[in-house]
Amino acid sequence: MMAALTKLSSFRLPPLPTIGEIIKLYNLRAEKQLSQNFLLDLRLTDKIVRQAGCLRDAHVCEVGPGPGGLTRSILNAGATDVLVVEKDTRFISGLKLLSEAAPGRVRIVHGDILTYRMDRGFPDTISKPWDGDPPNLHIIGNLPFNVSTPLIIKWLENIANRTGPFAFGRTQLTLTFQKEVAERLTASTGSKQRSRLSIMAQYLCTVHNCFTIPGRAFVPKPKVDVGVVHFTPLVQPQIQHPFKLVEKVIRNVFQFRRKYCYKGVEKLFPEASRFELTQKMLQNADVDPTLRPTELTIPQFRALADAYAHLCTHEPSLLHYEFREELRLKPLTKQGNKPEDTFIMDEKLNKNKHGKQEKPTNSLF
């Protein structure tokens, strides 16, 4: 018992300047254009770290440590190897101070997490079989709002391909997002928050919205609250097709999120064969064309991906078709005759409640 207590106490950091003092010492300011917001309350950073699970003797990659508040909580939780990836040069000196206080436990990478090769940052010996327990490797970060969505999409693709940090196994992630994004990541079928991002995350991971941090806890105070989300990759994804194919189907279906789902499915196909292929895909998937995208379950998206993949095996060029490219190339003066809608629809259903045509959206939300 005493040995265990001694070991635990050895993880605790020696007395250090507070995060507020570090900010003053190095004259650090949060850059608005970089969406930086500092979390100074170590009780809250400790709470974030607890969502990751047991970090005793763990390897951790922290994204955007900034002045190092979350880093301290990770070290105090018992992590023995903490790799911090920081893009902003101004924070490096403060992180070096923290590294000196925890000899051999902190490695600093001055670089961009969007391009950093995390698979090269840790030893192969920590790897675990994909169908076994997750490796003792965690990704933790208080993410800047401007990179949070592209970053999680990049990591979801890595999960699908078992590359990057997921070359070591089913590496878990504990990350912060704007509250609205956190709600979309975990939204259930039929929820108003259900989105493209919901399906992309949930077909690959168990996703848990842990708790919300009020904006007033950050410096400077953002206009929104922040959600902490935990991800554990699934042993078997709920849709077993290449990531790019699945993403394309989901993206197209959600282009018209307030319309019937067949309107988005149509845009998977060239205009010349749109009528026939849309009908065939929905029939093969056994999906009701009058469901809204938010009403579709993941098994229904799986059926749509299966049906689309089947059509692509017979016509491989479909995989590379993008309807916006067809629109761009189509002469503006040419007015083609639109085929009759695949399904009988009241003309009013093609308009939103304000009577305006709804435009497709590229938004993940």
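Sequential numbering from 1, following the chain as shown.
Each residue, glycine too, has its Cβ placed from N, Cα and C.
Note that the structure is predicted; figures quoted are calculated from it, not measured.
Counting only residues at least six positions away in the same chain, the Cβ atoms of GLY64, PRO65, GLY66, ILE92, LEU95, ILE108, VAL109, HIS110, GLY111 sit under 8 Å from the Cβ of GLU86 (S-adenosyl-L-methionine binding site). As annotated by TrEMBL, S-adenosyl-L-methionine binding site applies to ASN37, LEU39, GLY64, GLU86, ASP112, ASN142.
Sequence annotations record features per position, and here TrEMBL assigns compositional bias 'Basic and acidic residues' to 338-359.
Taken from TrEMBL, the feature domain 'Ribosomal RNA adenine methylase transferase N-terminal' covers 44-235.
What TrEMBL lists as region 'Disordered' is 338-365.
If you count neighbouring Cβ atoms within 10 Å for each of the binding-site residues ASN37, ASN142, the highest count belongs to ASN142. Using a 10 Å Cβ-Cβ cutoff, ASP112 (S-adenosyl-L-methionine binding site) registers 12 neighbours. A count of other CB atoms within 10 A of each Cβ picks out GLY64 as the most crowded of the binding-site residues LEU39, GLY64.
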